[in-house]
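Participant: First the structure, then my questions, so here it is.
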């Protein structure tokens with residue numbers, strides 16, 4: 001068995017031709033009738049419709065690993081007693097002997113059920129059970145004539161009656177939105193989904209272990225904020241009845257984490273949800289998981305070094321290699337991550353030439369792309385801001401290999417420290433892989449008076465109609481007035497990192513229950 005957290009995700013076998021459609025409503029009615037009979041039997045003191053006293057002593061994967069290679073004679077001689085439980089996924093009834101396959105959280109294992117072993121009445125009951133029912137079985141291990149490890153059942157119980165039929169075993173859930181909406185069915189029927197989300201959990205655990213191993217303290221900060229802050233984004237609003245005040249779901253934990261740096265914790269991190277009331281796409285979900293971390297006495301170059309090591313380490317622990325494949329194209333984490341300023345990236349990946357330093361040229365180029373004066377206020381923007389817009393429209397998607405993009409304009413980076421030599425830009429970077437932003441970090445602004453002035457500029461922008469501009473956070477400024485050491489901070493999108501590690505095309509594929517329009 002592989003030591004890596006994310007095993008190779010199996011490729012589903014080609015499906016045979018579809019079987020004739022069966023009316024689900026009819027099947028549900030038949031199953032409800034069976035449950036009705038079970039309840040009636042319970043009322044007469046004959047069993048329990050939903051028993052909860054069966055305790056499986058073994059998992060399918062562990063049994064297969066321990067005994068899968070044993071030969072039939074050895075297993076028979078050992079008479080290994082086992083008890084398993086799971087969902088019945090396959091069933092073949094053949095007179096006095098039948099086979100069923102049950103699936104637990106780890107794998108599947110076959111049951112060999114005979115009338116002689118469990119009794120005529122129990123065998124008759126078993127034949128009435130349906131796929132999807134959850135069963136418990138006791139018996140001994142055996143090998144079939146084809147060499148498949150199986151449980152020769154001596155006791156068999158129905159633990160939960162399934163009222164809804166599972167999708168066709170070969171075709172599964174064909175509708176992608178239905179997979180997202182009914183993730184519980186997707187997990188039952190699609191092994192790749194179970195592998196993917198198990199991998200996500202283990203990779204996040206490895207990430208947490210990495211941070212703690214580097215001296216970071218894990219903390220929890222509020223999800224409900226009296227003032228939204230920490231990022232330029234549109235927040236979700238709610239109302240706190242007891243306090244009788246408007247509150248906001250957090251768009252980022254940044255300002256609270258930096259308060260902790262002021263308080264004397266020199267290295268902190270948080271892995272948690274953030275919320276942004278914005279668009280939904282293959283890269284964006286309004287509720288998403290992010291890790292933010294802050295280290296006193298670090299600057300943005302220290303952060304880039306650390307982030308590079310972090311990404312490589314998690315890839316090693318998760319998939320056992322730093323040479324990945326994403327949607328058929330290689331992603332090489334073994335090479336040093338390229339570091340370019342926004343201007344350098346434009347010159348490298350476009351034919352802008354001297355136009356990169358010409359506001360009029362950039363405005364004209366952006367208009368040709370489809371941006372407008374009315375919506376985007378191009379003529380009101382600085383050269384640095386126009387360069388960012390041109391970068392986002394023409395360069396971003398070309399950054400397939402890991403690349404740090406540096407020196408974002410001060411006007412759009414209200415929490416970042418300005419560059420001492422070029423105060424119009426900041427000591428900030430964004431990490432791009434596969435044409436997508438994976439992280440954002442910078443040397444933190446720790447000048448309280450400068451921060452107050454930046455907040456005032458954000459308030460003016462909000463008054464001019466910028467919904468994503470920040471509010472003025474008086475308490476955060478007050479915290480900075482006590483003095484915050486030089487600090488570096490970074491946020492990494494966990495969902496996008498999981499997309500990369502599991503080769504998933506959409507962010508919805510790595511979020512168990514993504515945001516969807518209400519079902520009609």
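Using N, Cα and C of the backbone, Cβ positions are placed for all residues, glycine too.
Straight out of Swiss-Prot:
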type     : residues : note
REGION   : 1-21     : region 'Disordered'
COMPBIAS : 12-21    : compositional bias 'Low complexity'
BINDING  : 430, 437 : Mg(2+) 1 binding site
BINDING  : 437      : Mg(2+) 2 binding site
Participant: If you count other CB atoms within 10 A of each CB, which of 430, 437 wins among these binding-site residues?
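Facilitator: The residue with the densest Cβ neighbourhood is 430.
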Participant: Through the lens of DSSP with three states only, how would you label residue 430 (Mg(2+) 1 binding site)?
Facilitator: strand
Participant: Based on DSSP, name the secondary structure state of residue 437 (Mg(2+) 1 binding site): helix, strand or coil.
Facilitator: strand
